[in-house]
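In TrEMBL this protein carries:
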TRANSMEM  12-30  transmembrane segment
DOMAIN    49-188  domain 'Peptidase S54 rhomboid'
TRANSMEM  50-76  transmembrane segment
TRANSMEM  88-110  transmembrane segment
TRANSMEM  170-186  transmembrane segment
Amino acid sequence: MNVGPSGFNNAPVTRALVIACTLFTIIFGVRGRANQLGWSYQDIFQKLQIWKQIISAFTFSSTPELVFGLYLLYYFRVFERQIGSNKYSVFLLFSFVVSLLLEALALQLIKDPSLSILSGPYGLIFSSFVPYYLDIPVSTRFRVLSLHFSDKTFIYLAGLQLLFSSWKRSIVPGLCGIIAGCLYRLNIFRIRRVKVCPVLVLQNLYIKVSTELAFSENSHYNLMFPEFITSYFARLSLPSIGNTPPPAAPARNAPGNVPIFAGRQMEASIVFDSLV
């Protein structure tokens, strides 16, 4: 099963996602709060801590889950190379939103005060198993002690380890992620035709969430991100995504003429304001 060249070549969205999950897990793990990010029915429907859902979706609760989760996220970069960064960002954003809504609905139906959703990008990971099962062919088969295996078996085993790592706390978000992947596969609301700019969406989401956490006085998880992390994400979002042709050399304008880039700058600002 060929997944292309190693590294994050032609996979900038996956690179940003892996780095974000790693940084959030390290930051909250050092402060001893990684295990406290799991959200429950009371957090959403009574305390209205919606920010806790967003942060928990990018933070693993333990080191083993971080290892298996990052391995799967890194492996699934093959889909970004196949469909492009723009469509892959739509897939991730759709899986993120739908899986969170399904998790909240599941907690509403169960209404178990002791049940809390395990923190981590389970919706993003397990939604990727749908195209992995349907689109990635088996290239190698082998047999061990009369048992048949393939090169895809190890990915399924890593997924099962992550799915059953915390029993109900991890099974619920895992199943919600699989349902989200199936809904995207069925092209509900023609979602597969939608394109967004992943750089602006991820950058604005990071800035808004980090700002809310940094300056919130009432939040129990008040956090000021270090300056080097903020500057790193700012530099990370500068390169363009996709096969964008290099800009042409600027034309020289005659004295008294309006610069030819003025209209384009106004259009770019309008698009940016609409995304914000």
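For all residues, glycine too, the Cβ spot is worked out from N, Cα and C.
Heads up, TrEMBL stuff is auto-annotated, nobody curated it.
Counting residues per DSSP class in helix, strand and coil order gives 96 helix, 10 strand, 34 coil for the domain 'Peptidase S54 rhomboid' (49-188). When pLDDT is averaged over the domain 'Peptidase S54 rhomboid' (49-188), the result is 90.
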